[in-house]
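Presented below is the structure to which this report refers.
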Amino acid sequence: EKSEEEDEWLGFFVLKKLKSKYGELYRQDNVILSGTHTHSGPGGYFQYTLFWITSKGLIRPSLNAIVNGIVKSIDIAHQNMKRGRLFINRGTVENSQINRSPFSYLENPASERSRYSSNTDKEMVMLKMVDENGQELGLISWFAVHPVSMNNTNHLVNSDNVGYASYLFEQEKNKGMLPGEGSFVAAFASSNLGDVSPNTKGPFCVNTGESCNNPHSICPAGGAKMCMAMGPGNDMFDSTRIIGQNIYLKARELYEKAYQEVTGPLSSAHQWVNMSDVSVELNATHTVKTCKPALGYSFAAGTIDGVGAFNFTQGSLEGNPFWDEIRDQLLGEPSNETKACHKPKPILFSTGEMTRPHPWHPDIVDVQIAAIGSLAIIAVPGEFTTMSGRRLREAVKREFDSHGTPRMDVVIAGLCNVYTHYITTYEEYQVQRYEAASTIYGPHTLSAYIQLYRGLARAIATNTVQDLPRGPEPPFFNIGNMTLLPSLTADRVPVNKTFGDVLQQVRQQYRAREVAEVTFVGANPRNSAENATEHNFLTVERYTNTSDSWHVVWNDASWDTRFYWTKGSFGRSNVTIEWHIPRDTEPGVYRIRYFGHYKKNLSNNPAAVIAFEGTSSAFEITAL
């Protein structure tokens, strides 16, 4: 899971920039970085070593782009700040999620399960924002679903189902604007989605079509790697659209009927805690501890939303001598203390004991609650399962109740500040499916978090936040440019061609619901990403007769456009742009444009990066 990690490191850079601009206005305790979450984004911006494996190290341009984007969005919000009102609403989202580890969920006590009608949380909580005159400003919606409608065969950067919900809401409110433009902001945030999948058809064996909804998610032929869950659509794009639209439609309904106003003071509490060494009082006689981070065997199995390699299976309670020996030789054997602490998890990677070239996992973790009047936002540093989230919400609500702050609305905001994988219940941990194997601080992780968040809630309720210890600051590694990603080489073109030339032209005419496609002589898109801020790779433009000019109607962030880069040999490459023409497209004359940068080696000088563009022929769209 590579593109969901928020990180103290990002937070460090963001807060440093904010401090230089705003002094003490934006601080560790009142800024929450919450990943709205996708599995289809750039990686390589997390300072802990484990997360570099998929990205071949630190990708500084990714880090810079994310930090600068976060700071810019805060700048824009700050400049547009105005007095306003908040309204809250909640409702049920149907047909959009299943529990992807139902056999783990069944390990929870029957008495506890009987209090709930479903093995997922179907409730969406929505916070609506308007100014004093009632002008609409935006919303934040929390709903528990994994953004994995796009599966692991996808290579396109995109924001998955919750991103599509955001896109639809903003397109509706910012009429006539391109994605990301316009004043209305619709944020669809993560909640306790640890065991929640959007692939509502459930797991099937891709080779035989039979169900593989069993405790180990394995198929009779082909084993675990054949067991995949399917979404409701014809393909992953269609499934993303359907789930995203379901989420959007419920959010719109709740938004239009949000009459319950949120009033009261603002407060926030933040602590750093060493999660590898927390003592938890379970009761008057029993104290337990968390562990140094470690990942179990089932981590390598992946999930029904994205299976792993080498036929590791979920629910592994024993190691494998072959893999253990390879691990011991390459990475070092887990200590007996760590093995005992994590039982019954068979340890695949003892990441808390792996420090080269830098620590593989965080020890120091953020815990944070922000209270906006009667709404408490629990900012959690990972992915809580359904029942873990229910227990945490209940404990925090009870803490507020018992200290004179009743009737608090408590919502979990997932993937905040630092990424620490998953948090299962103690009972779910015992059967060691993927989520449990990825509960890195051991079987008592949830109990530790409940104890810590109760402490934050108590401090807010009793107005004693200033007395909370800050906790140990996280380390900051001076990483430099540690990457195995090859540096960019010079781009080249075929004989008698130049960058941006059309290799495969569009047709002269299309109808709505067809696909317009054009291929250009291209260059490595990393040139643009690393040398231009807020670069747009493509536009679809419509010709206006009255002004004899072209104007942009879609860009690379639009749902209906796709940008494919194909690497060739000897520095050559092609770019193919597709426009999946929507049903309601206005008939008229259109064209597609491509914007890139190529790298050119200069004798005795650093290489130059030069902007170029390409334009398709004009083509006509006729009515259906």
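Keep in mind that glycine also has a Cβ here, set from the backbone N, Cα and C atoms.
Bear in mind that TrEMBL entries carry predicted annotations, made automatically and left uncurated.
Among the features that TrEMBL reports, domain 'Neutral/alkaline non-lysosomal ceramidase N-terminal' is placed at 14-451.
TrEMBL lists HIS37, HIS146, GLU383, TYR422 with the feature Zn(2+) binding site.
Long-range Cβ contacts of SER197 (active site, nucleophile) within its own chain (separation 6+, distance under 8 Å): GLN97, ILE98, ASN99, ARG100, VAL145, HIS146, VAL148, ALA229, THR303, ILE304, ASP305. Under the heading active site, nucleophile, TrEMBL lists SER197.
What TrEMBL lists as domain 'Neutral/alkaline non-lysosomal ceramidase C-terminal' is 454-621.
Cβ-based crowding with a 10 Å cutoff singles out GLU383 as the top-ranked of the binding-site residues HIS37, HIS146, GLU383. Within the same chain, residues at least 6 positions away in sequence whose Cβ sits under 8 Å from that of TYR422 (Zn(2+) binding site) are GLY194, GLY382, GLU383, PHE384, THR385, TYR434, GLU435, ALA436, SER438, THR439, ILE440.
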